Amino acid sequence: MDWNTIFVTTVKASIGLETVVYALAAIGVNIQFGYAGLLNFGQAAFLGVAAYGLAVIVSTFGLSFWLGIAVGLVATVVLAFLLGIPTLRLRADYLAIVTIAAAEIVRLVFRSVAFKDVFGGSDGRQNFSGDFYAMNPYAPGSYGIGPIKFDERTTWVLTVGWILIALSCVLVYLLMKSPWGRVLKAIREDEDAVRSLGKNVFSYKMQALVLGGVIGCLGGFIFGLGQASIQPDLFGTEFTFYAYTIVILGGAARVFSPVVGAAIFWVLLVFVGNTLSEAVGAGVFGSAITVTQVGSVRFILVGLGLMLLLIFRPQGIFGDKREIALDAR
Amino acid sequence: MHADTTVTSKKAAALAAFEGIDSEPGVPKPDPILVIEKVVRRFGGLTAVDVDHVEVQRGSITALIGPNGAGKTTFFNQLTGFDTADEGSWSFNGKPLRGVPAHRVARSGMVRTFQLTKALSKLTVMENMRLGAQNQRGENFFRALIPGSWRGQEDEITERAEELLERFKLAAKRDDFAGSLSGGQRKLLEMARALMVGPELVMLDEPMAGVNPALTQSLLGHVKDLREEGMTVLFVEHDMDMVRDISDWVIVMAQGTVIAEGPPDTIMSDNRVIDAYLGAHHDAPMSVEEAEEQLQEAEAELEAEIEEKA
Ligand SMILES: Nc1ncnc2c1ncn2[C@@H]1O[C@H](COP(=O)(O)OP(=O)(O)OP(=O)(O)O)[C@@H](O)[C@H]1O
Ligand SMILES: [Mg+2]
């Protein structure tokens, strides 16, 4: 077994593209679900409309990169209002139902034959990241420490991605220790009490939905740019559920939990996956597991690990045990 | 500070305002803060609230009493915008309130508490209190990002909250999660938090339920203090001793309607009230003698209590 390769890929995963994308998506979910108690099960759609907004403007219509970013952002905000206006006055579960359905609608529209000319069907879009890499300050070569190295393109995407994560964390930190964040956390506990104290609950929920969507949409941009292509099926419901897993793994309503949660989640997946592949290659399991089954087995093992974590540490990594204890009262 | 026996100026003023007012449902008051023309709320076939004209006198402590299921909480919900009435119109300080959302009602100075306490469990006691303050700069998204813009105001709010917590005997719990408080302490916190809003009219739904007798005494004092500070109090309560002790006026509801109004010492001997509580239309079969006996017992008891007070 090649432990060196396993080690290198695992360390790279901890700061790699997937971690960045999922961390941004999870920071958004943490604002909505962790702080405000909103069940947005359509986070994938927020990343999707942003990534497609950029890709369509640049590759379908041949317009500029920055216009693409602007369109992606506007599309995200519009989606938040479309989902929020009819549902945020109702009970919490309505938002969950509407968002999960809307996310599937968005994905199916992206991959539909009818709009193939615009969205590219199931092949998605390519050729929209040129302007982004033209801004790359890194000279061709590889960057990193020891064996942990990325090429200049990846280094550039990761640099931008981690700057966005840092800015998002600062934003969340400032907001959540302000009176604005206090209103949000209070809404999560009991909306009616907050109303009785003269706060416009609907407006705060909408702000949380938009903010979480916009931070998630940055992940959509990074996803598209990092792969230099997008396909509709990247934005399926499992994407959203991974983001929720990450938030709960890290501990809901903590500033850094989505970031650390995302890193741990991907490190686990990559480590377990690579170790299994190597082991199967070396014939450790005989014929019990074949190479094609490794993908599924790693999810089974990681899922098992997460279950154990939640049993023994229900508050997540950064959570406060006392808060969990309050729920039992 | 709230000596039980001193008849303070505000109390005297409130009592004077009620001088010579008929004990009839819907009787006009000299200076009403809340005027209800009509409120109707139906749940399917059940008419939970069907109240005709009622007025609440400014600067008074008015009790709203009635048997379980009389519609008191539902009535509160309509007035404060937590439910949508089927019919009716009512005004607070002359401003019509029907259809106004709950948060606007609170901002206009009419703040309520809930029968089933709503402590915000995962916020500390202090954060619960701070949340009540109005016009907070830091509650605006953009200003929230600049701590300097709201720190000063936050300090003032904290100071005000600390005074109230002191008064409500919760100062020691300042940094505990509200969810860790006992049921009675939550009642206290909810009342203190409502006062942080700076209301003109405080509507308390069973503020004393579950609070121990010693604390009830001091809470009664606090409610009287509210009147001294110029606030109007409308409260729902089942404990008749307490009603008699602090209220200037009593409104009685039964089966969704206001059946009687009057000063606390005479209202309890009103036949309509006795009927409502003991059930002139009692469901269970009861012989005429039994009913007569029960009625006399109750009347004697009430009279004895009133005399004891006098
Ligand atoms: N949401 C609802 N749906 C159906 N019926 C309701 C609803 N809310 C209240 N009711 C009914 O309306 C009537 C009045 O209820 P309400 O809670 O106002 O009584 P209450 O006077 O506050 O009683 P208590 O003193 O026990 O608190 C009851 O018969 C109750 O069953
Ligand atoms: Mg009630």
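Glycine too: its Cβ is placed from the backbone N, Cα and C atoms.
The range from A:97-114, A:295-312 that TrEMBL describes as transmembrane segment is residues A:295-312.
Below 8 A, the CB atoms of the transmembrane segment (A:156-176) and the transmembrane segment (A:6-31) form 3+ pairs separated by six or more positions in the chain. Across A:6-31, A:38-59, A:208-227, the stretch most heavily in contact with the transmembrane segment (A:239-256), judged by Cβ pairs under 8 Å, is A:6-31.
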